Each structure stands twice: as structure tokens, then as C-alpha cells.
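J.: One structure, pasted below without further comment.
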């Protein structure tokens, strides 16, 4: 038998308790990432929030390499830098567009002027860190999609959101940070339900994509909303303002960074496959050599035993013939 066969190593599936603990940790980090992003918009500009939140690519690459679920390379670092550059170009380009006058007077909370840029930037960075933390948590704990039941996992996520997350809204309302109120009107309720359905589908697809690829791939993939939104804007454009070349260039950089990272992942997968096949071939050669050596040893043992038997027979004949020669 061979001593090492990596192709047959299989991780055991997660138990119900393990799935529940993972869902609980995911809920906390997921809420922190989304709340920090939306809270940052109240203190700093949209462009600053978008750019700083896109730093999650760097955090995912660095922490993923330390955790052993992502391979660090200069090519991946450059692809993350390209994505961040593209996001920055599009965000800064959009921030320079003329803003239509508001239909009603602005309150301090809705004023376009950042009220506390430093706090808003810190919240945007916190969002990027929380996102990188929960995507790496899922990859490290699950590793393989066959180890977890998606239905059970998202069931626990919904349960913990109902039991634990919504009371945070009451606390924020109590301390005056954010008002807690139900949507008013059918339009808001319909928007809420549609958004909930879209969020569920996107999270399910995102989780499956992360397990099939890598944390960095899905992180860069989320930035594809920029070129996709730009394409939709070109197809269904109602504004007379033309799309700027800066926005097109930024969207191209985001798309190019995703494609470049995909090519790097494909090359790494092919390299791992070749190494795995090579290790299996070496193992088969070692096993064949072992069997050959074992067969040769068995042959030598049989020949040696036959020679000893013949020697014993000759000795026995000599012992029988010796008295006869003495009598003669």
C-alpha cells in the first residue's frame, strides 16, 4: 500500500451544532459590515465610503494568505490594486456630476456636506474589515460545499437575525443614533420585500461561489456591480448627461481586475492538479517497485528454501549410505 494519497482525503461534514455556531458568527459580522457601510454614508461622502469599503480586497488577500485559504502573489496584489483604482475613478467621477436641487429642505442628517468625515471613513474601513472577516470565516470553517447544508445554515441565519439582530435597532433608537420605525405605505413595504428577496438570493449565490472559488474572487466579483450598473445606465439612460470617459475607464479596470484574478486562480488550479497527479504517479511507481522487490524477495526465499531442502536430502542419503560403506 502507498503511504500518501491526497486524492482520498475528505473532511467530515459540519454537525448541526457547528452549523448553528457558524451562522451565529456570520450574523454578527454580516450585520456589522452592512450597518457600518450605511452609517458611514451619514458622516462622509458616497465616494469616500465606496472607495474605503473596497479596501476589503486587500484585507481579504492579506488575511486569507495568513489563514492558508488564499495564495498570495504579486499578480493578485496588482489585480486588487486595479479594482480599487477603478472603483476610485468611478466614484470620484460620479461625485463631480451636477446634483439636482432637492424637492424639500435638507436636514443636517440628509445634507450632502459630510458632517464628520473622519468618523465616516473609519466606519467604511470597519465595514471592509468586517466583510473580509466573515468571508474568510466561512471559507476557513466550511472549506468544501459538501460539508454544509445551505438550507440549514440560512435557516439558522434567519432565526438568529429575528432573535438577536432586530433588538439592536431598539437600542440605537433609545440612544438617539437611528430612529426605529416601520415602513409607511405599500411602496416601502414592497421595496422592503423585494430587497429582502434579492439579498437572500445574492447571499446564497455569493456563498456558493466563495466555496467553489476563493474569498478574493468573490470580493472582486462584488465590484462588478460598477460595470454592470454602467452598462444598465447606457442601455436605459434617461439623463442627457453623457457617460464620462473616466467612468468607462474605471469600469474597465474593475472588470479587468476580476478577469486577471480568475486567470491566476485557473493557473493555480492547473498547477495543483498537475502536482496531485504527479504525486499519485510517484506513489504508484513506489508501490510497483515495492511489489517487485517483494516478489523478488519471495522468489529468493523459495529458491533458498528449495536449496536447503536438497542439501538436507543429500545429507540424509549420506547418513544412510555411511553404515553400508563401513560394513563393506
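Even glycines carry a Cβ here, placed using N, Cα and C.
All annotation found in TrEMBL is predicted automatically rather than curated by experts.
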J.: From the ranges 90-110, 216-236, 279-299, pick the one that TrEMBL records as transmembrane segment.
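T.: Here TrEMBL associates transmembrane segment with the stretch 216-236.
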J.: Please check if the transmembrane segment (49-67) comes into contact with the transmembrane segment (242-264), where contact means 3 or more CB pairs closer than 8 Å and the residues in each pair are separated by 6 or more positions.
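T.: Answer no, regions not in contact.
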